[in-house]
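Below is one structure, written out as structure tokens; comments come after it.
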Amino acid sequence: MASVENSISHQTPSTTGRLWDEEPKFDESKDKKRFRDYDAACDRVKSFYKEQHEKQTVEFNIKARVNFKTKKRARMGVWDAMEMLNTLIDESDPDTTVSQIEHLLQTAEAIRRDGKPDWMQVAGLVHDLGKLLLLFGSEGQWDVVGCKFSDKIIYPDTFAANPDSYDSVYSTEYGIYKPNCGLDNVMLSWGHDEYLYNVFKDQSTLPEEALAMIRYHSFYPWHREGAYSHLTNEKDKKVLAAVQAFNPYDLYSKTDAPCNIPELRPYYERLIAKAIRFDEMRKRFLHNSVPTTMTDTLAPESTLPYPSIHKDKKFVVLSDWDGTITTRDSNDYLTDNLGYGKDKRREGNLEILAGRATFRDAFGEMLESVSAAGHTFQECKEILRRDIKLDPGFKEFYAWCKAKDIPVIIVSSGMAPLIRAVLSNLVGEEAANEINIIANDVTVHPDGKWEIQFRHPSRTANSLADDEHSGFGHDKSQAILPYRDLTNPPTLFFFGDGVSDISAAKHADLLFVKVKGDGENDLASYCNKEGIKHVLFEDFSKALPVVQSVVTGEKTVAQVIGA
């Protein structure tokens, strides 16, 4: 939410001239005392909060965020998602028993009646869609809705059974945080609003005010009771204004009178089309989500075969090759020394990170500059066999994995013949032949010129330019995702270092990002920007103890990421 401060200071009037933070008019005749009366709430509501307060721990929160980055759920349009809510009653809400689609429309209609901007109407329409988690494998509604719990929270006595209440760190006033660190740096309870915020911040054109309304609308201890002020900063004060402007519509629009859904649908579908990046070919609602029945049609078509996946393993290691298993990137080495040089190569990488170029196009131009300079493929192979070195800890790492029957798979955007040649030189023919290599290939012409043969030469017809499958040449996620469809999927470790690993980064259970001494830490930069949790490592000797701790059960993946 880096731009909230500037965004909120420049309010946009709606078509009727009303600003988003003007006082609401729709609720002037409402009896506010009859809303949010938790003392008189039914047992269903009280049971919900008791279970939530007992089970919402730091460990659970971290695990839920890992699942968000890795698990498949579904693809659908916003209205499709709303219709799925038609059978869901919110167990935490003491004010109404109508279905969620009714609540969403009632909220949006109240905002519309007050003449508020279109984007705020959309925020009202979608703000509770994250509750679909209940239909996609959550443990209950309590996980759809690390410091000392505030006594301003509903039913504060129910936290007595939460183990974090007695933790020596989590039970202190600041816990793992610093004074006034800002809510952006605080791990909020994992729930439907935090989930939906993480979906829409990347997949919508909603302004920062709308994203704040979605993210914090259930955070009543903060926006209504003033709790946790010791953790907030100046930016949060401006965010608070947006959340408080939205809250009356979420709260006081509730009525048992049903909406005319068929009549309202065309109006709101027009607003959705303007606010959220969906079209007829790519209707993605839930993050990282592909139903099993759609995998083949949504995935990019591969021109090269894949090896069989390891269906009976508890752990699988997948690793980038260049600059990860090796100490330097062989393709960068060829480009810097035989092609158009390091400066232009780095410029291409930065364009990829900024979203202005695809990896496929920039990488293809790199290699073309080497071939165009007259360097044959055989010459390149010999240079790399001579100059490329192995990560000093990889042999020990591989030997341990082999002893534990853990497959090690190389997943690379380089060319398989070059990788195989260098790998054989570094670890021997026998070990090199045991390791599966999933990579691109090469076409060598009779005149000696050569060009890379991309595994995924074009984007899938079902994706747009900004889709995760749009331009990697080799979309590494496709080597990982088949494991997610298994009945008992293994724990997946992925090792990477650069821009070619972006498509795979968010799909691993535990992501290791190599620290580069030359400062070209592109994958680390991407993960930090996108909030993808990862473990930094200098070489495989440093990564091995971490992997061992998970395999032996000494630590969980969540504990490793949390540390």
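From the backbone N, Cα and C atoms, a Cβ is placed for every residue, glycine too.
Nobody curates TrEMBL annotations by hand; they come from automatic prediction.
Taken from TrEMBL as is:
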BINDING   H103, H127, D128, H192, H217, D250  Fe cation binding site
COMPBIAS  1-17  compositional bias 'Polar residues'
COMPBIAS  19-30  compositional bias 'Basic and acidic residues'
REGION    1-30  region 'Disordered'
Exercise. For Fe cation, what surrounds H103, H127, D128, H192, H217, D250 with a Cβ no more than 8 Å from their Cβ centroid?
Worked result: L104, T107, K131, D193, I214, S218
For this session: Output the one of D128, D250 that, of all these binding-site residues, has the highest number of other Cβ atoms within 10 Å of its Cβ.
Result: D128
Problem set entry | Other CB atoms within 10 A, centred on H217 (Fe cation binding site) | 25
